[in-house]
Amino acid sequence: MKAERIKAYLAGVGYSTIFGFSFLFTKNALDKVDPLRFIGFRFAVAALAVTTLASLGIVPVSFKGKSFKPLLFVSLLEPVCYFIFETLGVKHTTASQAGLMIALIPIFVAVLGALILNEKLSVPQIFFTVLSVAGVMVIASSQGASDVAGSKIGLVLLLGAVISAAFFNIFSRKFSSNYSPFEITFAMMWVGAIFFNGAAFILFMRSGKVADYFSPFFDPQVIFALLYLGLLSSVVAFFLVNFTLSRLPASRSAVFSNLTTVISVLAGVVFRREPFTLTHAAGALMILLGVWGTNRFSPEGEKSPRNSGAAC
């Protein structure tokens, strides 16, 4: 039993580390390619990966006798809405800010769980929810005069990603009795690949630049980011998330989401030399305490919705 818990902790650290660096790779790739094409390429890589796993029989997938409408609904929430908001938000902010904003997902899941699934929200949870929101406000107010407009737009977009991911968590949980986690992921990857590549290709056709559509594949930085995000973040990390959830209570496994935030901030500061002031540190601490407190003080016996942001 102890060995299983250790494996779960290692898996939690593993997926948190992968997700933590995803903002850095997204930011690096967006220096070279437009957001819509990049998302499409990312999900094309992920879709091919999950299809290969299913075709080889490594992971069973069967949609026989099952309606596709619930899968389409959750796939529109994430990846479609989530990644539109997240990728555009990252483009207008720093990787560290993005990581801090995404840390709010467990908070919104707790609130929506209380409203939609009638799950109880304790007084301490309400306090820590307000604390996290206040932390975001502190970070938003810390920008220099030249960065305020762009940063605020980015933070609003990232808030859209947080809300999309929270609704995804709620409805994914509701539909999980009819579909396996991998079946949901399989649908997500293909809906994402078709939607984003379709939208991007149409725009390129209208601009008369179809011949340039695949030009980013000649850039090593973009290719490396696609492999990292398409394979590690969308496939490997997903399995680690579900392994952790299968071995630990949701409230305890959610703590690893906090590690994702810390890693994303450190990655932005170290590798992109993004600014990190005492005000940023104070806001970050408020967010992390809020996320921790919301999970720590959940009512006894309550089973929280999954708090991971799915594929970052």
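Yeah, the Cβs are placed from backbone N, Cα and C, and that goes for glycine too.
Look at TrEMBL and you will find 7-26 (among others) tagged as transmembrane segment.
The feature domain 'EamA' is assigned by TrEMBL to 7-140 (among others).
Taken from TrEMBL, the feature transmembrane segment applies to 38-59 (among others). Outside the transmembrane segment (38-59) by six or more residues, the chain places 26, 29-30, 79, 83-84, 87, 182, 185-186, 189-190, 192-193, 195-201, 216-217, 222, 225-227, 229-231, 234-235, 311 with a CB less than 8 A from a CB of the stretch.
Residues or ranges marked as transmembrane segment by TrEMBL: 71-90 (among others).
Summarising the annotation, TrEMBL assigns transmembrane segment to 96-116 (among others).
Here TrEMBL flags 123-141 (among others) as transmembrane segment. A Cβ distance under 8 Å defines the sequence-distant neighbours of the transmembrane segment (123-141), meaning residues of its chain 6+ beyond its ends; these are 97, 100-101, 103-104, 107, 110-111, 151-152, 155, 279-280, 282-287, 289-294, 296-298.
The annotation transmembrane segment is assigned in TrEMBL to 153-172 (among others).
Residue counts for the domain 'EamA' (153-295) under DSSP, split into helix (H, G, I), strand (E, B) and coil, are 124 helix, 0 strand, 19 coil. As annotated by TrEMBL, domain 'EamA' applies to 153-295 (among others).
Away from its own ends, the transmembrane segment (184-203) comes close to residues 34, 36-37, 39-44, 46-47, 49-51, 54, 61, 68, 71-72, 74-76, 78-80, 83, 172, 175-176, 210, 213, 234-235, 238, 310-311 of its chain (Cβ-Cβ under 8 Å, at least six residues beyond either end). Summarising the annotation, TrEMBL assigns transmembrane segment to 184-203 (among others).
Annotation source TrEMBL lists transmembrane segment at 223-241 (among others). Using a Cβ-Cβ cut-off under 8 Å and counting only residues 6 or more beyond its ends in the same chain, the transmembrane segment (223-241) has close neighbours at 11-12, 14-15, 18-19, 21-22, 25-26, 28-29, 38, 41-46, 49-50, 53, 181, 185, 189, 217, 308, 310-312.
The feature transmembrane segment is assigned by TrEMBL to 253-271 (among others).
According to TrEMBL, the feature transmembrane segment maps to 277-294 (among others).
Residue counts for the domain 'EamA' (7-140) under DSSP (helix as H, G, I; strand as E, B; rest coil) come to 105 helix, 0 strand, 29 coil. For the transmembrane segment (71-90), same-chain residues at least 6 beyond its ends with a Cβ under 8 Å from one of its own Cβ atoms are 23, 26-27, 30, 35, 38-39, 43, 98, 101-102, 154-161, 164-165, 167-168, 171-172, 175, 179, 183-184, 187-189, 191-192, 195-196, 309-312.
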